[in-house]
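S.K.: Right, I'll just put the structure down here and ask away after.
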Amino acid sequence: MPVSDTFKLTVICFTLSLACNFQYGFSATYLNTPVDEFKRYLNTSLEKRGVAMTENTYNWIWNLIANIWFIGFFGGIWLGPFLNDKYGRKFGFIIFNGTNMIASLLRFLAILFYLPELLFIGRLVASISTAITYQSLIMFLQECSPTHLRGAMSFTSEISFGVCCLLGMFAGMDFIFGKNLKLLLGFAVVPSIVAFIVLFPMPETPKFLYIVKKDKKAATKSINFYHGKSADVSTVLHQIGLEAEKDLQSNSSVREILTNPYLRKALLLSCLALQNTLALSSLLLLSTDLLKHNNLDSGIAKWFSVGMTAAYAIGTIFGSPFVDKYGRRPMLLFFSTFNVIVLLFYVIFAAMESHISFIKYGCLLCFVIYGFNYGFGVGSIAWFLSSELVPQRHRSLMQSMTSAINTVILIILTFTILPLFSLIKAYVFLILYIIPSSFGIVILYVYLPETKGREIYQIVEELKSKKSRRVINAEEKFETEESDIN
Ligand SMILES: *[C@@H]1O[C@H](CO)[C@@H](O)[C@H](O)[C@H]1NC(C)=O
């Protein structure tokens, strides 16, 4: 593939990624840094109706607005496979970027007219829509890029998500839009409109056109658009055809995944890998609030929330070239363990902080290191692991099931973290994140296969065997030594 075509495809993939991830990243973070301003907004909204806002009312309204995101997301996850398989990847992407645009408008109106209900509805609509567009995006990235670039192009999603989170955090700082929620949520309407419009000229993915629509002419056009004019169209079509034949057997089902032992194992391993992403999802939403509880000045707390997110975004950019070099298994295990230790230090620092005041800066540092590690070796790998552990037929459903389970756990955690935090302080991290992650990492260490550079059928064989990774390692070593001797 000529360099100019690779460059063009990279630009296309970043455009697609940004079209989905602006809403995703912004929504994950815009409540974080301007937390005081939102409190004032809710107070004024209630006052205008003659209701006095107590700390208690504030807490549950705030919890509801923050967490409705995950509930809507959970609903959207199940709509995704249906829409994407029936109407194509582009249809759902465009329609739900449209509803995302409406959601952005609703949020803006909510601030203008002091109607927190609209903020709630806007957030709900945005979360359902984003769950669907995110799946469309992953399908687009996987299906429009040539095989040898598939991994690299899938990374554009994680990088753009990190950058948009950073943008959301930054926009919420006092000196930008943080003191003025009208500007903050008004500004977000503009990229939502752009995200809606840029999708129209993008053709449907070649795989969908050829396999499902059986439209060879349109598929050829699409390949020329994504792979460039010099693409060897007949070879690409032939390969897509091969994939289609293998896929004919029948559709995957939730029941099949739950009753088939090796699929169940893949599901469990994927969920355990995602277990390590939970703390960051909570922190992106709540870090300023949490750090303020550590007797930190709210200005410093904001800066460190931005710092953590910046470290995360930078981590994704630096981490992407290493994944294909060192493999998923060592990277995921090393950085997850590292992050558990970092969180443990956070708990220790937070406990000591009442005795030695400057130690609170240690708490801050922990979050920044955590963000970098996460971007470098945890986030992206954990999210695409599920699609590398199972054959094509089960891929999309397996992805939905793992993100659904992950979202349910996330809902429970984000609902409990703030009340528990007022009760037992930073020890909450011990119960909610450190202990569960530690158990998960041990199981992953024993059973997680390496997926880098291996064919799916080899990975499936390993999942089907009852042997632990250590036994397999020893056998592989033995085999290579034997072949060396021969
Ligand atoms: C709401 O605002 C009033 C003053 O307008 C203030 O007295 C009250 O403490 C505020 N409530 C909360 C929960 O901040």
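Each residue, glycine too, has its Cβ placed from N, Cα and C.
According to TrEMBL, the signal peptide annotation covers 1-19. Annotation comment: TrEMBL describes 13-452 as domain 'Major facilitator superfamily (MFS) profile'. Annotation comment: TrEMBL describes 60-79, 91-114, 120-141, 153-177, 183-200, 266-288, 300-319, 331-352, 358-385, 397-421, 427-448 as transmembrane segment.
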S.K.: Check for me, if you would, whether the transmembrane segment (183-200) reaches the transmembrane segment (91-114) - at least 3 Cβ pairs under 8 Å, residues 6 or more apart in sequence.
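M.R.: Counting Cβ pairs under 8 Å, at least 3, so yes.
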S.K.: Cβ under 8 Å, sequence separation of at least 6 from the ends of the transmembrane segment (358-385): give me the contacting residues as numbers and ranges.
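M.R.: Same-chain contacts beyond the flanks: 154-155, 158, 162, 269-270, 273-274, 276-277, 279-280, 283, 287, 291, 294-296, 300, 304-305, 307-320, 322-323, 328, 331-332, 334-336, 338-339, 342-343, 345-346, 349-350, 352, 426, 451.
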S.K.: In terms of Cβ proximity under 8 Å, which residues at least six beyond the ends of the transmembrane segment (300-319) contact it?
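M.R.: Cβ under 8 Å, 6 or more out: 29, 32-33, 155, 158-159, 161-163, 165-166, 169-170, 172-174, 178, 280, 283-284, 287-288, 291-292, 294, 331, 364, 367-377, 379-380.
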S.K.: Would you say the transmembrane segment (331-352) and the transmembrane segment (120-141) are touching, if the rule is that at least three C-beta pairs must lie under 8 angstroms and be 6 or more residues apart?
M.R.: no
S.K.: Please give the sequence-distant neighbours of the transmembrane segment (266-288): residues at least 6 beyond its ends with Cβ less than 8 Å from one of its Cβ atoms.
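M.R.: That would be 28-29, 31-33, 35, 66, 69, 165, 257-258, 298, 301-302, 304-305, 308-309, 312, 332, 336, 339, 343, 367, 370-371, 374, 378-379, 381-383, 385-386, 389-390, 398, 401-403, 405-406, 409-410, 413-414, 417-418, 429, 432-433, 436-437, 440-441, 443-444, 447-448, 463.
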S.K.: At a C-beta cut-off of under 8 Å, are there same-chain residues at least 6 beyond the transmembrane segment (91-114) that contact it? List them, or none.
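M.R.: For the transmembrane segment (91-114), the nonlocal Cβ contacts are 19-20, 23, 41, 44-45, 48, 80, 83-84, 121-123, 125-126, 128-130, 132-133, 135-137, 140, 181-182, 185-186, 188-189, 192-193, 195-196, 199-200.
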